[in-house]
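Read through the structure below, which is laid out as structure tokens, and then see the notes.
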Amino acid sequence: MIPLRLSEIVAITGGEQHGHDVLVEGAVVTDSRECGPGSLYVARVGEHADGHDFVPGARAAGAVAVLGTRVVDDGPTVVVADVQEAFAALARGVVDRSPDLTVIGITGSSGKTSTKDLLAAVLRPVAETVAPVGSYNSEVGVPLTVCRVTPTTRFLVAEMGADGEGHIAYLTRIAPPQIGVVLNVGRAHLGEFGSVEAIARTKSEMVQALAPDGLAVLNADDPTVLAMRDKTLAPVVTVGRSADADVRATDVQVDDLGRASFVVVTPDGRAEVRLRLLGEHHIGNALSVVAAARHLGVSLADIGAALSTAEAASRWRMEMHDLPDGATLVNDAYNANPDSMAAALRALARMGAGGRRTVAVLGTMRELGDDAEAEHQAVGALAVECGIDRLVVVGPDAQGIVTGARAAGATDAATVSVPDVDAAYDLLRSDRRSGDVILLKSSRDSGLRFLGDRVVADVESTHTEGAR
Ligand SMILES: Nc1ncnc2c1ncn2[C@@H]1O[C@H](COP(=O)(O)OP(=O)(O)O)[C@@H](O)[C@H]1O
Ligand SMILES: [Mg+2]
């Protein structure tokens, strides 16, 4: 973090100072185990644990100060009424004290993490850039990320997620963006929001937060996103495959591994991009990165080069493993909603186009509310339409996929239903053939990402032993 004295943190948060006025120069953390010398430990009270219980551990690990609702020891502490509000205020204080910092906010139903990783890969060679670890995009993740800003940081890439109206607005007050990117409006978290309109209103909070000298980057291929152009005071750059997008992709080609290459065309030039990320859906993410980075002064040639070398940076997103037995496993089971399911199935189909057998191991998409059954059935139908050779449907809540696939003409043999992840593991063991392309996809809590890790570890150890 930028160095702040305890008394400054007190002033920023409106808290009460206990202990002497130390200088906080280290990391700001909410997990006591991550404390180091000079740290500020933020003691949150969660569902399962009270962070104040871990203050001694935090101190032992080097924390010089604590932010909490009560004094636990006689060490330097800022006592506040509400730790969340104080943490948000502290993060905002860091942004306000960083005059050379530009904040780029990214939201959308799918692709936020992939896009922030791509944008960070483009900006890092230009200047010091802070971007979230993994998918830190909540009222805790955003302040944690903001507090990693140092006096020499120039770019802050902030992923902003929401599961209710007002959430994006809240996050933009913590880290007011100069550039706001809206990728798409889909059906992620539909259960919590209630309607797609409510999701659209929430995502539009990103562009409503922009000042007239900012920039809104909007997806021209998503009509709901494009309509947000009327909701912002900032100039708008549209991106997409559409011919009238300001920044667009032409000459799109997709290789046998499902990786897209294209020419990006902008008002001031064009560049070739050859993505290493799997799936055509990353074209839109990459175009948003082009628009944001151009606005920040990065040359189109440098952007194209950085996009073409960027590897998947966060785990379990179309993560490809070439197994020693000749099969390829794609672990995309970090999360799932109808749109990212469709993107993954299309990528799988593309990978099978050279004659390889395609196997989709699919689990539940959570948080879809009343639409859950219909959306699972639609996934089954899409798998058949994409020509996926074998469907393995995992868990009782995902059975709509089987129903949908059979209704769309899948044979019983091509559609297997298993009760849980262990049964899926056994099936993948007995049924795998050399050359198979296997996709694993489900919501996070359905656990398929660990199934993927287990299969990879298992095959690799068998082969290592065999080689000895
Ligand atoms: N633009 C997109 N449209 C549809 N699916 C996408 C898009 N970008 C990424 N995905 C897929 O969505 C899933 C989540 O991607 P991620 O980048 O983690 O998004 P988020 O952070 O918004 O959850 C992955 O399976 C990924 O392949
Ligand atoms: Mg994310």
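Positions of Cβ are set from backbone N, Cα and C atoms, glycine also.
Bear in mind that TrEMBL entries carry predicted annotations, made automatically and left uncurated.
Worth saying up front: this structure is predicted, and the values here are computed from it rather than measured.
Taken from TrEMBL as is:
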type	residues	note
BINDING	Gly108, Ser109, Ser110, Gly111, Lys112, Thr113, Ser114	ATP binding site
DOMAIN	28-72	domain 'Mur ligase N-terminal catalytic'
DOMAIN	106-293	domain 'Mur ligase central'
DOMAIN	317-444	domain 'Mur ligase C-terminal'
* Asked: So what's near the domain 'Mur ligase N-terminal catalytic' (28-72) in sequence-distant terms, Cβ-Cβ under 8 Å and 6+ beyond its ends?
  -> 1, 6, 9, 13, 15, 18-19, 22, 78-84, 86-87, 90, 140, 143-144, 147-148
* Structure fact -> Distance filter, Cβ under 6 Å of ligand 2; input binding-site residues Ser109, Gly111, Lys112, Thr113; output Lys112, Thr113
* For Ser110 (ATP binding site), which residues of its chain lie six or more apart in sequence with Cβ-Cβ distance below 8 Å? -> Leu183, Asn184, Gly186, Ala188, His281, Asn337, Asp339, Ser340, Ala343
* From the centroid of the CB atoms of Gly108, Ser109, Ser110, Gly111, Lys112, Thr113, Ser114, the recorded ATP site, which same-chain residues not already listed sit within 8 A by their CB, in sequence order? -> Ile106, Thr115, Leu183, Asn184, Asn285, Ser340
* To do: Give, as a single whole number between 0 and 100, the mean pLDDT over the domain 'Mur ligase N-terminal catalytic' (28-72).
  => 96
* Asked: Within 10 Å of the Cβ of Thr113 (ATP binding site), how many other Cβ atoms can be counted across all chains shown?
  -> 26
* Same chain, 6+ residues apart, C-beta under 8 Å of the C-beta of Ser109 (ATP binding site), given in sequence order -> Leu183, Asn184, Val185, Gly186, Arg187, Ala188, His189, Ile199, Lys203, Asn337, Asp339
